[in-house]
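Features as listed in TrEMBL:
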| type | residues | note |
| --- | --- | --- |
| ACT_SITE | 48 | active site |
| ACT_SITE | 97 | active site |
| DOMAIN | 37-110 | domain 'Peptidase S26' |
| DOMAIN | 118-155 | domain 'Peptidase S26' |
């Protein structure tokens, strides 16, 4: 009497493999959509937001892990919020900065910006890094609000600083005259 032996096990393996492959593959498009349109978990690199983000920048190579909320990213922007946006110099690069001025605000600039004061045009924001080594609006001017891709809402790691980003508690930058209250 002939037995299936190895061929039967292979058929069973390929059947299970196909079942799991289809099961996982159907979840892939919703996960990609969620990551690009709703929220994303990302590491923050570089010193531009030091000491608020990457507080251990000078001590270790550890990076902060943050939650970026992307749904309606440009809606209800406020002074002090941390936003992610497409870098005006390199649109493939996403940058993190703090909103300092909204449209209509008059901002006292810093070097290397060529003028001492600037009024933020409609549909634009003035963004700056918290650290000294930051390439921000003082370098490339006000950015279009359309470049904003998300708002940083939570720090996930390191554990001792994990929690909601309380941007409203951050002291406002001196030299900004708000256009609206």
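Glycine residues also receive a Cβ, built from the backbone N, Cα and C atoms like all the rest.
As a whole-number mean, the pLDDT of the domain 'Peptidase S26' (37-110) in this prediction is 92. Long-range Cβ proximity for residue 97 (active site), meaning a same-chain Cβ under 8 A and a gap of 6 or more residues, is found for 48, 49, 82, 83, 85, 127, 128, 129, 134, 136, 137. Within 10 Å of the C-beta of residue 48 (active site) there are 22 other C-beta atoms, taking all protein chains into account.
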